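One structure follows; several queries about it will come next.
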Amino acid sequence: MEAGKPVDSEKKHRLMVQQAYPATLDTPESEASSFVAGTVSQYACQRRTTLNNCNKKFTDAFEILAENYEFRENEVPCLAFMRAASVLKCLPFTIVRMGDLEGLPCLGGEIRNVIEEITEEGESSRAKDVLTDERYQSFKLFISVFGVGLKTSEKWYRMGFRILEEVKADKTLKLSRMQKAGFLYYEDLVSGVSKAEADAVSLIVKDAVRTFLPDALVTITGGFRRGKKIGHDVDFLITSPGLRQEEEVLHKVIDLWKKQGLLLYYDLVESTLEQAKLPSRKVDAFDHFQKCFAILKLHQQRVDTRSCDTSKESDKAEVKDWKAIRVDLVVSPFEQYAYALLGWTGSRQFERDLRRYATHERKMMLDNHALYDKTKRIFLKAKSEEEIFAHLGLDYLEPWERNA
Ligand code: UTP
Ligand code: MN
C-alpha cells in the first residue's frame, strides 16, 4: 500500500500455513507459479540452487546417510543420497507429504522411505542410528584432521583407535607432515573460517601476489564465491594476462610469507600441464594446475571471547592473537582462467553434474582446463564462465545459484 503498486513477494509476506495444507500454498506466489516439478532436471547444472534450503530436515539426514556409505566405501548409494539431497535443495517449498515429490528426479526407492519417515515422524531413525554408530563417529573425528582421509581413518579404526586422543597418545604412529600440522592447529582449523576471516586472508593474498605480479587477477573461489558465510578453507585462483611469469609467483609469495612468519604449513605442487591432453573423463579428477595447500597465520585484532575460567591459565601463557587458516592457492594460465574458475567455484555436486551433462548430453569433455567437442574434434575457447555455459547450451547460473 505504501508503494502504491504491487510489490515483489518476499519471505516476510508469507502466511504461516498449517502443515495439512498442500505444500505449494506455503510458497510465495511468484516462486510457486514459476515452479513446475516436472521440469526439475536430473542435472544440478540445470537447477538454480541457492543457500536457501527449505528442506534441511531431509537433506541433513541424506547427507549423514551418504557420508556413512562413503565411510564404508559404498559409492552407489552414497552418490544416490547426495544427488537426492541436491534435488531437494533447489525446491522453493518444503516437502510436507509424499505427493509433493511428484515429478521430481532422483528420489527413488530407499530415498522415498527416508522421506516418508521424516514427513510422518519428524526425523529419520536410520540417520539417528548412523549418528550413534561407533565407526561413523570415529571416522568423523579422524577426517576432521587436516591430511587425514578415508585410508588413514580406516587404518586407525582397524588399529583399535576410536578418538583422537588415542591416536595422539600412540608415539609409534608415523604421521605425515600434513597430519602433524593438522593436529598442531586442530582447534583453529576445525572451527571453520568466517566470511570476515576469508576477506582478511584475501587482502593478504592479493597484497603478496601483486607485489610480484602487479596485473595479476586474484579471485576468491570455492564456497565463499557461492556466498557461503562459513567454510573449511579459503580458495584462491591466480592468473595474469602477462607472459609466463605466473609460474614464478607462487614461489615468491611463499618466500615472502616465510620471511614474514605467516606460513605455518605449505605443500607446493608443481603444474603438470604439459602432461594434460584431452579433458579428463573422470568426474572427480584432480587438475594439473600449480597449487599450494597452506595454513596461514592470520593475526587478529581481538581474539574470540574466552570464558572467564580459562583466563587464569592464559595469564601465564602468551595470549594467542592469531588463528590458523587453511588456504588453497591455484595458479592457472590466462587462457584457461574461465575453466579454472568454473571448476574451483563448485559445489562438488554442481561440478560432477556439469561434467556428466557435458559427456552425456553434449558429447563434450569438460575439466578444469578445457572443453572438448568430440563431434567437431575441437577445443572450445572461453574467456568467461558465461561463454562456457553457452558452449554447453546451458542457461547461465550465477555462483550463488551453484550451491547444489
Ligand atoms: P572445497 O573443497 O574447498 O569446497 O573445494 P568448498 O565448496 O569451498 O567448501 P568448503 O571449503 O568446505 O567450505 C572448492 C571447489 O574446488 C573444486 C571442487 O569442485 C570444489 O567444489 N576442486 C577442489 C577441484 O576442482 N580440484 C581439487 O583438487 C579440489
Ligand atoms: Mn573451500
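Cβ atoms here come from the backbone N, Cα and C positions, even for glycine.
No curator has checked TrEMBL annotations; they are predicted automatically.
Per TrEMBL, the features are:
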- 53-403: domain 'DNA-directed DNA polymerase X' (DOMAIN)
- Asp233, Asp235, Asp328: Mg(2+) binding site (BINDING)
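Describe the structural surroundings of these features, if you would.
For Asp328 (Mg(2+) binding site), the count of additional Cβ atoms within 10 Å of its Cβ stands at 16 [all protein chains shown].
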Using the recorded Mg(2+) site (Asp233, Asp235, Asp328) as reference, state which further residues of the same chain have their Cβ within 8 Å of the centre of those residues' Cβ atoms, listed in sequence order.
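The surrounding set, listed in chain order, is Thr221, Gly222, Gly231, Val234, Phe236, Phe293, Arg326, Val327, Leu329.
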By a simple count, how many Cβ atoms lie within 10 Å of the Cβ of Asp233 (Mg(2+) binding site), its own Cβ left out?
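Total other Cβ atoms inside 10 Å, all chains included: 20.
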Take the Cβ of Asp235 (Mg(2+) binding site) and count every other Cβ within 10 Å, whichever protein chain it belongs to.
22
Specify the secondary structure state of Asp233 (Mg(2+) binding site) as given by DSSP, simplified to three classes.
coil
